[in-house]
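What follows is a short report on a single structure.
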Amino acid sequence: MTPTLTPPLQWQRRHVLSLQDFTVAELDIVLQTALSFQEVLNRRTKKVPTLQARVVANLFFESSTRTRNSFELAAKRLSADILNFSPGTSALNKGETILDTAKTLWAMGAEFMVIRHRQSGVPHTIAAEMDRLGGQVAVLNAGDGLHEHPSQALLDLFTLCQLYDPRQPRCALLQGKKIVIVGDIRHSRVARSNLYSLKTAGADVHLAGPPTLLPPEFADYGATLHWTLEPALADADIVMTLRLQRERMDQYLIPSLREYHQHFGMTHERLRLCRPDVRVLHPGPVNRGVELSSALLDDPQFSLVNQQVSSGVAVRMALLYLMGTYHGVKP
């Protein structure tokens with residue numbers, strides 16, 4: 001059994017490329033649909049025929065473990081046929097362009113393209129080309145450069161809303177909640193997508209990080225900026241830490257990983273500054289002892305990291321299903 005969308009909840013997006021212009025109603029549709037698929041995943045038979053005989057192509061031009069496997073499992077749970085593209089063994093090595101690769105997969109019958117690339121805008125370019133071809137292909141951005149990572153932010157949103165109401169997750173639950181995002185904001189596509197979704201949901205978003213990783217222009221997103229961690233954590237409801245890419249140390253953006261943890265790493269001691277019922281998120285992979293202490297990461301009283309991973313499959317099933325309804329998939 002798959003969700004049935006009533007007329008007020010009809011999905012109107014062919015592609016999911018950015019969360020910048022998502023409405024509260026659209027976010028709530030994703031949350032409600034993900035809840036339905038979470039119920040499917042909790043059954044003995046964890047599969048529905050929703051996308052049976054439909055072709056989902058995973059084009060990951062950048063390495064990934066969690067996101068790629070999560071999308072692949074989501075497509076399998078929907079009974080889709082899956083094409084996994086591997087750039088290392090593809091015609092890209094022979095000079096083929098990315099657009100030509102996408103058009104080749106379209107010609108083979110791909111109806112959904114899940115795309116990750118290190119350059120910002122690649123999924124948008126492919127989506128525009130698919131629209132030009134009139135092929136009814138749905139494109140989902142699985143992370144593009146420093147731009148966005150919509151499905152990660154949506155699974156974070158689902159995880160948070162379920163924290164406050166497991167049976168009816170909705171954006172209104174985050175109204176006025178103080179959510180602190182800590183780390184390398186400058187280079188984080190996860191931070192950007194979360195900023196869009198959390199602000200739309202009505203959360204009070206704060207950003208914390210060293211000045212080299214948190215430029216002042218991020219105030220334009222409607223967030224409060226902090227260049228020291230302790231003031232940001234005061235009475236926080238949620239703390240979301242971001243992975244620190246080790247190459248930032250090579251670029252002299254931070255003195256050392258040890259010093260970063262000393263000033264911006266989350267520990268049980270720092271959680272005392274937050275509300276007693278605070279919870280901690282991280283998109284993964286985690287650098288233990290850098291963004292989070294191992295003790296905090298493994299503490300189920302505070303850490304929602306495993307719940308985020310579990311939520312990811314249901315949310316990505318929801319996105320593929322919803323995009324499919326735009327293209328004629330029947331509930």
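The backbone N, Cα and C atoms fix where each Cβ goes, glycine too.
Binding site for carbamoyl phosphate per Swiss-Prot: R66, T67, H149, Q152, G284, P285, plus R116 from the candidate set R14, R116, R186. Sequence-distant contacts of R189 (L-aspartate binding site), defined by Cβ-Cβ distance under 8 angstroms and a gap of at least six in the same chain, are G143, D144, G145, L146, H147, E148, H149. Of all the binding-site residues listed here (G284, P285), the one with the fewest other CB atoms within 10 A of its own CB is P285.
Excluding R66, T67, R116, H149, Q152, G284, P285 themselves, the residues of that chain whose CB lies within 8 A of the CB mean position for the carbamoyl phosphate site are, in sequence, S64, T65, S70, A142, G143, V190, P283.
Counting other Cβ atoms within 10 Å of each Cβ, the lowest count among the binding-site residues R66, R116, H149, R243 belongs to R66. Long-range Cβ contacts of T67 (carbamoyl phosphate binding site) within its own chain (separation 6+, distance under 8 Å): F60, R116, A142, G143, H149, S151, Q152, G312. Across R66, T67, R116, H149, Q152, G284, P285, which the record gives as binding carbamoyl phosphate, the greatest C-alpha separation is 16 Å. DSSP assigns R116 (carbamoyl phosphate binding site) to a strand.
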